[in-house]
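If you look up Swiss-Prot, you'll see R47, R53 marked as NADP(+) binding site, on the strength of sequence analysis. The FMN binding site annotation in Swiss-Prot covers R124, S125, S126, G286, K301, P302, T303, A304, T305, R327 and rests on sequence analysis.
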Amino acid sequence: MGNTFGHLFRVTTFGESHGGGVGVVVDGCPPRLELSEVDIQKELDRRRPGQSRLTTPRQESDRCEILSGVFEGKTLGTPIAILVRNKDTRPEDYAEMAQVYRPSHADATYDAKYGIRNWQGGGRSSARETIGRVAAGAIARKILTQVAGTEIIAYVKRVKDIEAVVDPDTVAAAAVEANIMRCPDAATAEKMIALVDEVRRQANSIGGVIECVVRNVPVGLGSPVFDKLEADLAKGVMSLPASKGFEIGSGFAGTLLTGQEHNDEFYTDAQGRIRTRTNRSGGVQGGISNGENIILRVAFKPTATIGQAQKTVNRAGEETILAAKGRHDPCVLPRAVPMVEAMVALVLCDHLLRDHAQCHLNF
């Protein structure tokens, strides 16, 4: 199973949705970084369930425990183990799903591949696995902030066909956190919330798009060919549950332009830095960051587990009907915002360490 992510900043998540707990081991964190559970908890609180009526009603405090790798408030350079214990588990809600497959969920493919699966809340396929990613992302984020002043802000850009108008170059984190939708366009956020409320009452679900901007990105992150920065960013965010699409910069809209229209022309600013007049490249050229803002978008499908009756089959292949029980998000987007930020932070931190290891030696 692919439970480890990264090269120098390596992250291994563990645990199941309704098991004893979930967590992460971070290997490769530089020593002497000031780190406490408070640094991690503030990000976990943004991800936790039960925040509002738009999220799953499961009630978890998601209190984190640092088990190793930190001494007297600073990292040791040794593996950092972080644990979050599960408290509000109801495995009995999923008893029917031990035999019946949820449409568009991981149930059938897990059974086909492994011949066994944890059917209680989806086990490793549950979004609860992302607790470890968000915890590790908090550490990566702190490294990026201290080394380069890097700022990562994600927000809900679109819910179904309702799209927000947001300037990624100026959007503030406070505006994102100002409403339960995590959409900085307040008027559009109200429309999104109303739509999610309607879908929730129908025991249905809905998807959309999250946009993410990264500011103060060091020049030179990423490598040509197989380790291009945008390729690793795509892998990171596309590994999140329910993700179905990725684009960076102009993305698919760039296919409608000519080269003359699409190219980002260069100039030298007052500080002598090479800049681009536009940013259709999304901050990455040739697989390497150019110092401009990185702007990417991630598409998330509607939550697969819904309360409406659907046609499916059981493990024996017999056709049946399933109206799923359990507690689930009618829309994953508000809680996926910190997940996207975490994966972007993990990718950038790993590439930052790799860049320093390869390109910053003096001979």
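All residue numbers here begin at 1 and follow the chain in the order shown.
Each residue, glycine too, has its Cβ placed from N, Cα and C.
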So how far apart do the FMN binders R124, S125, S126, G286, K301, P302, T303, A304, T305, R327 get, largest Cα to Cα in Å?
44
Of the binding-site residues R124, S126, T303, T305, the one whose Cα sits nearest to the Cα of R47 (NADP(+) binding site) is S126
Can you tell me how many other Cβ atoms are located within 10 Å of the Cβ belonging to T303 (FMN binding site)?
23
Using a 10 Å radius around each Cβ and counting other Cβ atoms from all shown chains, which of the binding-site residues S126, T305 yields the largest count?
T305
Hey, of the binding-site residues listed (R53, K301), which one tops the CB count within 10 A?
K301
Taking every protein chain shown into account, which of the binding-site residues R47, R124 has the largest tally of Cβ atoms within 10 Å of its Cβ?
R47
About how far apart, in whole Å, are the alpha carbons (Cα) of T305 (FMN binding site) and R53 (NADP(+) binding site)?
17
For T303 (FMN binding site) and R53 (NADP(+) binding site), the CA-to-CA distance in whole Å is 15
According to DSSP, collapsed to three classes, what secondary structure does S126 (FMN binding site) have?
coil
In whole Å, note down how far the CA of R53 (NADP(+) binding site) lies from the CA of K301 (FMN binding site).
19
